[in-house]
């Protein structure tokens, strides 16, 4: 990566560094305008970008954070490589192509000029054009490597491949699992617990294709994939695809999906105790990790903590209980915020610092968190207050990348 940075001369680098305060102040306004003009002039890209995230402003905020990070680290772009890889996983799952980068660059530069006005001099625009293509080349290089890796794996593929629903199981009041096997009956690639697939939902009533990522919710090594989807409110934009899956997709339905991707992954080389903490549908990648660790690391101590509204909202409750009862090294704790009965669960209300201290046996452990952003932010703060090293805390947020740790 350091080889790419030499393509930027000293003058360009200094100009980019000088714009960092401007990006901090106006970055989100620039990226909001960028998406507006990009999609107005390239409506076919609405088939790629999540329109719900566009309406909520989440995508523009995530892009603003990325642009700011790149500018702030323009002399040492290797510092943002973990962030680049995280985004690249998402890009590969969406089948983003190298030829789309110049289109994005064109409208990003237009947005910078139109939002900043006279402050965006020709010199600044020229510097950002150079910087953008250096950064784009880094993404393209990382993504090319990922595409090649997927293509060359046994059962691997790039782009989208048709899978047939072979089983549909209602797991709770809101969550249903879909078991998927390739329509061509050929092998499928394995995955690392915690990864996701992207579904291409072609809904008759919708003008554009919807692409959605769903975590794989079982251990790898099977001849099928399983996703477990929460049905969102049908009157909300966020619920378009989940309602389609719950109401219109049945056994025999065919769904195009991309190969597994994502960097929220279980490190099976680590033999320290494992603490898995999930909230709501954040259970799905955590369940994959639990299933995998009891299969491949049967002697590893595991603390499984799950927060749900009630017993009716807790997906895969019986399976987790079976594991905890049959595996002495697995300890299960369930917290209900709105329990049906006073005796339900190990705790009523919410996970808090004092309770967490009691159920976590050691600080020297690997922690994996998944759930709503406020949930993860609170748990992360509690763990840091317990002096857990940030490097030992791994988190997955469904949706555009946003900072969680303070």
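Cβ atoms here come from the backbone N, Cα and C positions, even for glycine.
Since this is a predicted model, take the numbers as computed values, not measurements.
Summarising the annotation, Swiss-Prot assigns heme b binding site to 91. Look at Swiss-Prot and you will find 101, 143 tagged as active site, charge relay system, backed by sequence analysis. Positions annotated as domain 'FAD-binding FR-type' by Swiss-Prot: 158-267. According to Swiss-Prot, the feature FAD binding site maps to 196, 212, 213, 214, 215, 397, 398, 399, 400. For 280, 281, 282, 283, 284, 285, the entry in Swiss-Prot reads NADP(+) binding site, with the evidence type sequence analysis.
Sequence-distant contacts of residue 215 (FAD binding site), defined by Cβ-Cβ distance under 8 angstroms and a gap of at least six in the same chain, are 194, 195, 196, 227, 228, 262, 284, 285, 288, 370, 396, 398. Residue 213 (FAD binding site) sits 17 Å from residue 143 (active site, charge relay system), taking the C-alpha atoms as the reference points. Residues within less than 8 Å, Cβ to Cβ, of residue 101 (active site, charge relay system) and separated from it by at least 6 positions along the same chain comprise 133, 136, 139, 140. Comparing residue 280 (NADP(+) binding site) with the residue listed as 'heme b binding site', their Cα atoms are 26 Å apart once rounded. Nothing from the binding-site residues 281, 282, 283 places its Cα within 10 Å of the Cα belonging to residue 143 (active site, charge relay system).
Taking the binding-site residues 196, 398 in turn, the residue surrounded by the fewest other Cβ atoms inside 10 Å of its Cβ turns out to be 398. Neighbour list (residue 282 (NADP(+) binding site), Cβ cut-off 8 Å, at least 6 residues apart, same chain): 369, 370, 371, 372, 375, 376, 396, 398. Neighbour counts of Cβ atoms within 10 Å were compared across the binding-site residues 281, 283; the minimum falls on 281. Computed over the domain 'FAD-binding FR-type' (158-267), the whole-number mean pLDDT of the model equals 94. Each residue contributes its Cα atom, and for residue 281 (NADP(+) binding site) and residue 91 (heme b binding site) these two points are 23 Å apart.
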